[in-house]
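Straight from Swiss-Prot, the features:
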| type | residues | note |
| --- | --- | --- |
| ACT_SITE | Cys73 | active site, proton donor/acceptor |
| ACT_SITE | Cys183 | active site, proton donor/acceptor |
| BINDING | Asp10, Ser11, Tyr42, Gly43, Asn74, Thr75, Thr184, His185 | substrate binding site |
Amino acid sequence: MDNRPIGFLDSGVGGLTVVRELKRQLPHESIVYIGDSARAPYGPRPAGQIREYTWQLVKFLLTKDVKMIVIACNTATAVVWEEIKESLDIPVLGVVLPGSSAAIKSSRSGQIGVIGTPMTISSNIYEQKIKRLAPQMNVLSLSCPRFAPIVESNEINSSVAKKIVYESMAPLVDRVDTLVLGCTHYPLLRPIIQNVMGLSVKLIDSGAETVRDVSVLLNYFEINRSREVKDKTEEYYTTASVLGFKEIAEQWLGEEVTVQHVDLDKELEND
């Protein structure tokens, strides 16, 4: 047993889609979440910058004595997950491999679509993982740089959001039977994306798939939280507006949350 929290990091609010799934599947686990909304989105940034920012978030989580880290960001997973995983002595999960595995199981035609940030798509990480596991699969990848900013600005129900999604998704319509939401922000746009693609297309939420792997690793390393301990904690931190983060978090999680602002440079200056 290990009653320490699980740490989650993301470029902003997108990783809350993973947290929501964790709260559904493993409601007894404690959580520390850090969203770097002040520097979101990560997708258009150069790899070196993404690496630097992600390591800052990791170091912040380590100050909270987490027992596991979930990189709840596809872009960060693509750039630096392997390095972080090899560097730490606690389990570190990314969101790409679980999403890839689920897509392979779902597809009947062998035609899989992947949407993500410019960095995730240009890295070809999903195509590489899928092809390694199932060489016969055909992967169609599409960069959707305007999606994450819509979510960060909480405009997911706006007419502008619908227009952008419809225009962006057009190249994949009627071409795939399975679509990987290759950015943890994208499940917040799921109803619009599903409407564009049609009900016959299976949408794969890479973050939700990752929580299944979290459960497996908790059992494997025997670091589940004791169900007899009642003082479960949830801490949410943002590098940007507390009010903006809180509004989106409460809408998505369906409950009141306390959010704290963090200045990473000051927090880690003595590191």
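For all residues, glycine too, the Cβ spot is worked out from N, Cα and C.
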Should Asp10 (substrate binding site) be counted as helix, strand, or coil on the basis of DSSP? strand
Sequence gap of 6 or more, Cβ distance under 8 Å: name the residues on the same chain that satisfy this around His185 (substrate binding site), in order along the sequence. Gly12, Val13, Gly14, Thr17, Pro41, Phe147, Ala148, Val151, Glu152
DSSP-derived structure type at Thr75 (substrate binding site), helix or strand or else coil: helix
Same chain, not part of Asp10, Ser11, Tyr42, Gly43, Asn74, Thr75, Thr184, His185: whose C-beta falls within 8 angstroms of the C-beta centre of the substrate site? Give them in sequence order. Gly12, Gly14, Gly15, Ala40, Pro41, Cys73, Ala76, Thr117, Thr120, Ala148, Cys183
Just to be sure I understand the packing, how many Cβ atoms besides its own are within 10 Å of the Cβ of Asn74 (substrate binding site)? 36
Taking the Cβ of each of the binding-site residues and counting other Cβ atoms inside 10 Å, which one has the highest number: Ser11, Thr75, Thr184? Thr184
Top Cα neighbour of Cys183 (active site, proton donor/acceptor) in the set of binding-site residues Ser11, Tyr42, Gly43, Asn74, Thr75: Asn74
Other C-beta atoms within 10 angstroms of the C-beta of Gly43 (substrate binding site) total 26
Among the active-site residues Cys73, Cys183, the one whose Cβ has the most other Cβ atoms within 10 Å is Cys73
Using the alpha carbons only, what distance in Å do you get between Asp10 (substrate binding site) and Cys73 (active site, proton donor/acceptor) once rounded? 5
